[in-house]
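To start, the structure under review is shown below, and the notes come after it.
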């Protein structure tokens, strides 16, 4: 019988993987929408690719947060209070983004559309960037004292290294979003712009991932095990494969490849973290781990039953949504609200 | 100001704002589900098209409201860790579980199926489409259940033990069958129906009064809505009454503070108005009905009710020296405001509903009065906010009654400056969004015409 604490570490990793895979292209689409075209009908065509699903995708993040709270309350407490101002920025971004999706099409005016388009772009770019910052911070470690309390400020979160991490996820999600658009849109004119944007963001993601992995290894900031290196190398290879596929208009393969790359990068992150969830750079013994930060065995057992019953059901009906809306979006499709 | 006070303000502002939209969602999803069921099953062909347009019309209003509820709801989940990390540490073993279950059972359900419902009109068979809105209704009401399970523990802890200075769950079933949650859930459910019902009533009255072409359809809608509203408001009053009676046993301090009863009395009087002096712990003047408070609690004009001063003495004996009295003035007046708003809603529901059913010519004759009903829109929202003020301010100084004080629950690493920035930031963004959402909903109401003719005019 597997240890509940290990199982919940895996479940949290699964939830974050699902979140980055799904919200990754949502954020990407949001970032790309105003950059790809100025024509209103094309912008609403782009938004129509994620309109039925973005809300369900965002729940992956909320569930990941809730699962952290339930299974590792100390991690939830320390992480959310230490990333206080960053999370505030992210919340404002997500509020504006969510409101924009609903309000944008309620009024036919150029200014109205422009304002909400900016909100969608900003609201997608900020979380895409901040998640990368957070992941690098978590990996490198934060000033956490022996009673699990964060001793730094907002600016301790923004190191040059973590900013590179943020730019990496920003590029990666944009690339993922471009692949998703190539897969979902039926619009020849936009393909050129999508491909160009996709390949540029690929280049950013590719270079930044290499830098992010090489700097810490050469400087001794982090040490990776062989298995983690393999996972990261595979992720980078998939990223490269995806770019080649996008260039040759194999949209399906390109999208599968970025999906695989995101899944592997997240898996590599959690592999490198295990058994820790937050690293203290003041003293390794003060790190939050799956044992010192966990809930009681009773709570974990209840939550295990619930999660193992419910997650497959969620996957089935979310899968059904994607099946229902599997067709490419045409430019003249009348989107009824 | 210190971070405790600022964090409390931030929580109060964001929660009350969030709960402007939540009850409308709870009640409106259920109403839409019922309406779509009528649409799918109706045999009267000439009603089919108006019914569909009505669904789209109320659906559009619902969607704006739902989006506001969703985006402000994320803040709620993050709050506990951001501002109340010591609370999260102390309570995580118990509090995290319902929150995670809320996400797994409710958020996924409502967010996924709302997408299918909105964009699936032409893609799904009618009955399957109708099932989607039922799943949304179940999802949103289920989410209310889980968060109220969590809240009920804070009011009335059950099924726990204290280990190494943290609360540990020992009985999950006790947690979800907490008698407190039954009171809170039923009251929230009916209040949701009443809030949504009242909003719908006002929309119908307005459209009936000013839009000649839509009058016939909205008269029929008014009939249905008034019944829905009456069920909601009577249910809210009934469940509220039962829950208040239960407080005598579960939270006597909250109860006596709601009534500003400082000294134990048998039978206890009911104060209609009182000039409360929290410093001296007495009412300087009051107008009371003798024995009425006891009668409301025990259904007979006798029976002792514990006074605040006696409860304070008992609390000091149990928990050590300190002030265990909540904001009596706030509780007393919020309780009266809630009752007054509820009573006004019930009166209006019976009056307008009665006219719509039996005296339609009067309704038509006095339609300019119906056009004034939008001014009454704040009533259910005032009642809801007052109700939550009573529930949350009434457990102070505790964050979890008897286990942890609010002052000990705040995140120790924050500075007042940071909390001030976030509090102001949320407030400003929320204010702007409220104005925009209100404007958009008014536009939808103004621009939609629903006549009985079967043309292909789009509702919105």
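Cβ coordinates come from backbone N, Cα and C, glycine included.
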### Query
Quick one: which of B:16-42, B:151-177 does TrEMBL have down as transmembrane segment?
B:16-42
### transmembrane segment according to TrEMBL, located in which of B:217-237, B:238-258
B:217-237
### Task
Examine the ranges B:95-119, B:270-294 and name the one recorded by TrEMBL as transmembrane segment.
B:95-119
### Query
Counting Cβ pairs under 8 Å to the transmembrane segment (B:54-75), which of B:16-42, B:95-119, B:189-210, B:330-357 comes out on top?
B:16-42
#### Entry: Candidate ranges B:95-119, B:189-210, B:330-357, B:419-441 - greatest C-beta contact count to the transmembrane segment (B:131-149) (under 8 angstroms)
B:95-119
### Query
Would the transmembrane segment (B:369-391) count as touching the transmembrane segment (B:189-210), i.e. at least 3 C-beta pairs under 8 angstroms with sequence separation of 6+?
yes
## Note on the structure
Maximum Cβ pairs under 8 Å to the transmembrane segment (B:369-391) among B:16-42, B:95-119, B:330-357 is reached by B:330-357
